[in-house]
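What TrEMBL lists as active site, nucleophile is B:55. Annotated substrate binding site per TrEMBL: B:113, in sequence order. Per TrEMBL, domain 'Pseudouridine synthase I TruA alpha/beta' is recorded for B:7-106, B:147-249.
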């Protein structure tokens, strides 16, 4: 009997060419599909569907995927059964059975991302793949918070979307942008109903330019309204970004 | 003019075959000596002397070394000058000029090490090289603290020293052993006037066996007195160990 499973996973994106399968590249999806295919003794690949892709070097602490299984492994052993075969930079945190119409991508209600800058004058060697170094620059977080107010709400986010994506409808709702210092690291969390390609990294890069005095916070109003990618700031680097949580209807 | 320099460095031990130069291996010492030799445009290797070695995969957040320099780089630029050339898994935190008779090894008054166990049921992929996983086992820390009392003080630590070291005098003083939970990670810090080969890892492994009920805390008295390595517990794995601080006379 087929069961639809929802898996919550974490991965260290450092050594992956992103989430999605690409020929000749090491990807998160391929590693998981390899293990599932072996476990199912299947001639065809057992496919998994994620809430969305993540780019090379981007991390996840709460990515969600679904797949269909014919195995009778008890639910409370399923994560362990996967983890013993998966490489150690991917961990399955939880596996649950869901309704057959649950879809990891189409059922998404919202997502939360985290972006981390390490503002120590010398970045800890232990953080070199896990936060974006600022070489000791400490931004004006209150200016970043002010600027973030113009991003909140429902807008056409074309100005915050990498060019050349196939997506037509670029209207999204950003529910919350929050900042918190953890020692000398600045964390920004962004929550919304959906995100365009590179959207969080462009938000991070643009707010960083406000925090470091290259832009003033009120500029954000015009940037959002412009729907023009060239008006926004640089795309912040991938290594500071984490997909933290995917929300589904209860 | 020659100046003697004291450098405090941090390194991620994951991709090193330890601190000390070994033929055909990547070591911390060799990476630093390569950079210093190039900077000095020297035909001979500019040697550095550390407070002591660390093993493969052992980390450092406060290793100390000394070297002699003929360069006129200002002190406040010296660390930066090294960091721009060093690989990113080694960072120089501080460089200062010291008296010509300062010796990073012979002048040591004491050291502090940290040992980290990650006790989550599924270890975070971000911690796989930086803490020892316990697969969800949470030890009885009060038993570990009791057992640690027998290690404190001045003893012949032969029972806590890897066999086949050249060292004759195995009397050392352990000043403090402390435990602290950081979320689901258990940290142990050990401070003393000096440490034998693998001593902290054998202390960690033995106290872990107490914490997980394989030994009782009072056994430690006999283990210390035995001066017999085979009476103590297993050597805890390298990836959980950090050289945190080296003390010198003021």
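Just so you know, glycine gets a Cβ as well, placed from its N, Cα and C.
Automatic, uncurated: that is what TrEMBL annotation is.
Taking a C-beta cut-off of under 8 Å and a sequence gap of six or more, the residue listed as 'substrate binding site' has these contacts in its own chain: B:189, B:190, B:191, B:195, B:200, B:241, B:242, B:243, B:244.
Across the domain 'Pseudouridine synthase I TruA alpha/beta' (B:7-106), the prediction's mean pLDDT works out to 96. Taken through DSSP, the domain 'Pseudouridine synthase I TruA alpha/beta' (B:147-249) splits into 32 helix, 31 strand, 40 coil. Non-local neighbourhood of the residue listed as 'active site, nucleophile': B:13, B:18, B:198, B:238, B:241, each in the same chain, at least six residues away, with C-beta under 8 Å from its C-beta.
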